[in-house]
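The structure under discussion appears below in the form of structure tokens.
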Amino acid sequence: MATPGELAALLNITQELDGLKTSVAATNASVDAFFLCTMAIVIYFMQCGFAFLEAGAVRSKHTTNILIKNILDSFIGCIAYYIFGWALAFGEPGNAFCGNSFWAMAQLSDSKLPLWFFQFVFAATSATIVSGALAERCDFIAYVVYSFLLTGFVYPIVSHWAWNPIGWLAVGLTAQNGTLVSHYKDFAGSGVVHITGGTAALVAAALLGPRINRFDPETGESRAIPGHSVPLVSLGGFVLFFGFLAFNGGSQLHIQQANDGAVVANAMVNTVLSGSTGAFTTLLLTRLLRPHWSLLRTINGGLAGMVAICAGCNVLYPWGACVMGFFAAGSYMAWSELVLAMRIDDPVEAIAVHYGGGIWGVIGVAFLRRDRGILFYWNTQSGLDLAMQLVGALSITAWSGVASLIIFGALRLLKVLRVPPELEIKGMDYPKHGEMAYPLSAYGHGWKENNAIPEIGFSEIVRPELVISRSHCSSKPAWQPDTVNGKTIDPSSHIGQNGYANQGADLI
């Protein structure tokens, strides 16, 4: 029989073990929170990648306009997700369609904040997809409206369906009297994020119409309207490649449980393999069809590969990720041609990358997942899994399409969807924002050279009599006011401060 001293020692050990368990549990919770926040910060940086890519893909006269839209995507989206986005996605108890609590984060536990942050950056990514497809012609007010509604309403409903345990896609389908169950598989959002954003971009671009002169009015053939900076597109592409590693790896949502590290590593390795295969396949296919090795299409092919792998990055073999990337390249190129055939103008090919890559990713995982894919197990279970994936892809497309039709259709009926033709032709940077991305007055080194245009500074802007001659190689004195048919040229149009320099000078 134990002595009182031994019992006291045993009680002390038990208390210490209980304290140790509590401490370990708290540490594990903190590790998971740190993991989620770190991954979310990297994903948030993808907004920078979208901004660079879209800025380089548009003409210089629209650069400020597209940049402010990308910056506001995260800010507007944050407010929308705070007010009702999280509530619709993860509000408790909720139902199969949506959540119904935690409006404006009321009564939301602090322990849920890391997950809130992580889910918010996903929501913002989905909305950002749309801005590139509408570049150079969408009105700023329309952008504010659709960005708020997509982030706060359209996307959260889809994420509830797939990622809330009680969502109807997460619950899944049953067969053979309940002995077979199939849940919608979308680990990191090929469907939830990219089909949603791609569908919205498709509907919006169709309602908005193409840019002026994008298609020949008689033959309907497409005309190239190149962006102003391939380096910016390349930089944006690299930032997005980097962000996708956290986007997919972070979707494990925790890191302290057994095998978590292996799952995260598998997701990241498969992501880079699928992206690499997609990029290289696109490069080769484009070269077979066209006379050049295309950098821009290679970047988009890599992005399509990473979009496609999102759904199953944690359950594919590495070779399966390569197969996923290969077919993602084909899907991207097919959708790129289809969009042009429908005379829909998408300056950054967001539809082809995100919808084309996303739709294949959702379907492809049913064939390639190593635990129950059709290529490994030709049985009723794998067939049911394919059916569930198709149901998910079609339902997300339908929901996003109808919601986008209502949103963008209403904006079009209110005549606030598209800017006037003059602003589209001359550029939105100056008249809409008063800030040129590349003001001509900012260029030059301050020293005159033979037969070179003297640098234009502030004094020349405010003193019209000092505006230099357009005929800078003529014998006319360098500082003589320029005239056409006896009328002085507006100095602001001469130096490009009003954004209309390429359209001919206004006479005063």
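Note: Cβ is positioned from N, Cα and C throughout, glycine not excepted.
TrEMBL labels come from automatic prediction, so no person has curated them.
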Margin query: Tell me which of 267-286, 287-306 corresponds to the transmembrane segment entry in TrEMBL.
Written below: 267-286
Note to self: Please tell me whether the transmembrane segment (348-368) and the transmembrane segment (74-93) touch - that is, whether there are at least 3 C-beta pairs under 8 Å between them, with each pair 6 or more apart in sequence.
What the structure shows: no
Notebook entry, point to check: the transmembrane segment (323-341) vs the transmembrane segment (267-286): three or more C-beta pairs under 8 Å (separation of 6 or more)?
Noted result: yes
Note to self: Quick test of the contact rule: Cβ under 8 Å, at least six residues beyond the ends. What residues does that give for the transmembrane segment (33-53)?
What the structure shows: 66-67, 70-71, 73-74, 111, 113-115, 117-118, 120-122, 124-125, 128, 131-132, 232-233, 235-240, 242-247, 249-250, 253-255, 299, 348
Item checked: Within-chain partners of the transmembrane segment (74-93) [C-beta distance under 8 Å, separation at least 6 from its ends] -> 44, 47, 99-105, 108, 115-116, 119-121, 123-124, 127, 144, 147-149, 151-153, 155-157, 159-160, 163-164, 166
Item checked: Long-range Cβ neighbours of the transmembrane segment (267-286) (under 8 Å; 6 or more residues past either end) -> 187-188, 241, 244-245, 247-249, 251-252, 292-294, 297-306, 308-310, 313-314, 316, 318, 320-326, 328-330, 332-333, 357
Check: Taking 113-134, 141-163, 187-208 as candidates, which has the most Cβ pairs under 8 Å with the transmembrane segment (388-411)?
Finding: 187-208
